[in-house]
């Protein structure tokens, strides 16, 4: 569950740690930095060339913008390439000839990026360096706390928070408490999460939408649907109104809890906004529909699937759709997804999925399709089961295809499943249904020989 919270929390983390305050003419800055960034990206992995370009064309970043805005903008633009952004900071820390010290915001940004790069040691080193230079501002503390949050280090985060509270030159902010709420929520430490929220209120720092969103996400991760709903209703009543992130969280929460009516109501509220980042939400709704047999669920799911067009193949989603179509007896659609799974070399190892496929073929009387599927599934390493063979025996028997029925029995005898009482009972019933009493008696004789 904690991994799910990472996905939920990532959309808010930027709000917690973005400390840059660009000048009014930042548009020109962004354009100039973009040109430099593009040149740096063409260099590749040569650290020496990277540093040389900055030496020749990057001095203006901190000489013109002594508040750190230039370096911060370049690090922001290189943020997807964490190691390059950190190289910029390393170069900046080495520029000592101009007597322009790093700002606390540059340290905060470096700490944040080091955390995203999972380099906790570097983040702590930068924090300690800032401390030696008396630059331990709230943003620097918050950045290191967010590093611990991002990496699930609750004890370290709490220890740093206690140190933060002892400082006389700076004090925790609402961002600080948001981080605490987040880290506890991610680790299912609900009581600690609630205690952090209560302390925020005691120190009379007004919570913001991010605070409530992290609370909702924490309750959702812990599957505490009642408190999730109560927090949402509190937002609707209080001074902090729900934002887009809140509605998306609630949509996911309703989907995960199987509350389809509320999920659909929430989707109507935000469906025009579900687009660029629709994937996780849409997939959550698809999962919710797959778990409950509701009217028109196939049509609803296919409408949602149209929003995912162009996305990469997801094995788990494809298997989920195989089971859905099997349960609804949509054999053609089921086989389309099965073929896709074979093409993508997806290996199904759940008996429940196989039984759903078998049942669909049985209800639709598609024994030849079933036989073909079994051959392909066996070659692809899918998990076979005894029910699969029994279904083939039953279907061949119902169609008076006794030679093929007996062929399946012989095939089954050579597998690890072997022949059991039920196998013979199915054969006996098949023969009797068609008035072939003597053949049924022969099968009974075989049973006796096997001691069944």
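Here the Cβ of each residue, glycine as well, is placed from N, Cα and C on the backbone.
As written in Swiss-Prot, here are the features:
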REPEAT    137-171  repeat 'PPR 1'
REPEAT    173-207  repeat 'PPR 2'
REPEAT    208-242  repeat 'PPR 3'
REPEAT    243-273  repeat 'PPR 4'
REPEAT    350-384  repeat 'PPR 5'
REPEAT    385-419  repeat 'PPR 6'
REPEAT    420-452  repeat 'PPR 7'
Long-range neighbours of the repeat 'PPR 6' (385-419), counting only residues six or more past its ends (CB under 8 A):
351, 354-355, 358-359, 361-362, 365, 367, 370-371, 374, 426-427, 429-431, 433-434, 436, 439, 450
If I take every residue in the repeat 'PPR 1' (137-171) and average their pLDDT values, what number comes out?
93
Which numbers of helix, strand and coil residues does DSSP report for the repeat 'PPR 3' (208-242)?
26 helix, 0 strand, 9 coil
